[in-house]
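**Q** I am attaching a structure below and will ask some questions about it afterwards.
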Amino acid sequence: MIGIEDIYKVIVATTPLYVALILGYGSVKWWHIFTNEQCDAINLLVCYITLPLFTFEFTANVDPFAWNFVLIGADAISKVIIVGVLAAWVRFSSKGSYGWAITSFSLSTLTNSLVVGVPLLQAMYGPSAVDLVVQLSVVQAIIWLTLLLFVLEFRRTRIGCMESDQEMEVREKDLEGDDEIGVADPSFCYVMLKVWMKLAMNPNSYACIVGITWACVANRWHLEMPSILEGSILIMSRAGTGTAMFSMGLFMARQKKVVACGSSLTGLGMVLKFVAGPAAMAIACLAVGLHGDVLRVAIIQAALPQSITSFIYAKEYGLHADVLSTAVIFGMLVSLPLLIGYYAILAFLH
C-alpha cells in the first residue's frame, strides 16, 4: 500500500523538474536574460546534444537478455491500436489531420517513465515493477521516439519541398506572364531520400541504437565501459532532463498565456493521456494473456505523465509545442492522485 513516505518520494523526484521550469520561465519573463534567438539556440542544444547523450546513457546500462518480451509485445499492440484509430480518423473524418494525428499519438502513448514512474511503481509493486518500467522506457526510446522523429522529419521535409516547388512555380509564371500556378506533390522517393539524409545527421536517431547495441555486447561478454568514456558521456547526459525542462520554461515565457493551448485542448490532452493510453494498454495486455502485477504495472505506466522528449521534438519541428508543453506540466500536477486511483481500482483485478 502507498504511504505518505512513498508520495513524498514522488514529490522529491518531480520537484527539481519544476525548479528548472521556473528558472527557464523567469529567465525570459521576469529577468529578460535571453532573447528569442538565444532561446532557440538553447532548444537546439537540448535536442541535439544533451538529450541524445541522456538517451544513450540510460539505454547502455540495461540488460536486454532479462526483458519481459510478452509485456513489450503488449506495449507494441497498444501502440498499433492507437495508430489504427488515428489512421481511421484521418482517413474518414472531415476534421482528420496528419499533424494532429502525430500529436495525439504522442499524447496517448509517450510517457515520462523514468522520473515519475520509477519512484511511484517502486512504492506500489516493488523492484520488479521498476525493471518493467525501465524496459518499456528503453523500448520507447529505441522504437517509438525514433518513429516520432521520423514522421516529424518526413512532415517537415515534405512541406519544405512543396514550398520550394511553389516558389519556383511562382518565379517561372512571373517570367512567362501566366497567372495560373499548379504545384505537384514531390515524389515519395525524393522526400524519403531527404528524410534519411537528415536523420543520418541527427544524433537522436541513432543514440538509442548505439546504446542498446553496447548493452547487448556488454551483457553478453561481461564488458564494462571505459571510465574515461563513461565520464565524458555523464557530464552532459546528467543535464538532459533539467535542460529540457528549462527549455520548456523558456517556451512558456514566450507565450501570451501560461496555458498556451487553451482549456479545451488541455482537456483533450488529459483524456488522451490518462484514459485512451491506459485503455489501449489494458486491451493489449488482456489480448496477450498478461495478469497479476505485470498487468497492473503495464496499465499504470501507460497513464504516467507526458514524455518531456516529445515536447522537445514538437518544439524543434514546430508542431503543437504549446499542447505538448501543457500536457507535460499539468500532467505531472494531476498524475499523482489519478495514478493512486488507478492503483486502488487495479487492486481488485486478479
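Note that the numbers count up from 1, one per residue, in the order the chain is shown.
The backbone N, Cα and C atoms fix where each Cβ goes, glycine too.
As the structure is a computational prediction, the values presented were derived from the model and not from experiment.
Pasting the relevant annotations from TrEMBL:
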TRANSMEM  6-28  transmembrane segment
TRANSMEM  40-59  transmembrane segment
TRANSMEM  65-90  transmembrane segment
TRANSMEM  97-120  transmembrane segment
TRANSMEM  132-152  transmembrane segment
TRANSMEM  204-221  transmembrane segment
TRANSMEM  233-253  transmembrane segment
TRANSMEM  265-289  transmembrane segment
TRANSMEM  326-349  transmembrane segment
**Q** Take a look at 40-59, 233-253, 265-289 and tell me which one has the most Cβ pairs under 8 Å to the transmembrane segment (6-28).
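**A** Answer, by Cβ pair count: 233-253.
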**Q** Under 8 angstroms, Cβ to Cβ: which one of 40-59, 97-120, 265-289, 326-349 has the largest number of such pairs with the transmembrane segment (65-90)?
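**A** It is 265-289 that shares the most Cβ pairs under 8 Å with the transmembrane segment (65-90).
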**Q** For the transmembrane segment (233-253), find every same-chain residue at least 6 residues outside the stretch whose CB is under 8 Å from a CB in it, and list them.
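**A** For the transmembrane segment (233-253), the nonlocal Cβ contacts are 16-18, 20-29, 34, 39, 42-43, 45-46, 49-51, 53-58, 115, 260, 308-309, 311-312, 315, 321, 325, 328-329.
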**Q** Where, among 40-59, 97-120, 204-221, 265-289, do we find the most CB pairs under 8 A to the transmembrane segment (326-349)?
**A** 265-289
**Q** Any residues 6+ beyond the ends of the transmembrane segment (97-120) with a Cβ under 8 Å from its own?
**A** 6, 9-10, 12-14, 17, 58, 78-79, 82-83, 86-87, 89-90, 130, 133-134, 136-137, 140, 144-145, 148, 151-152, 155, 241, 269, 272-273, 276-277, 280, 300-310, 314, 319-320, 323-324, 327-328, 331-332, 335-336, 339
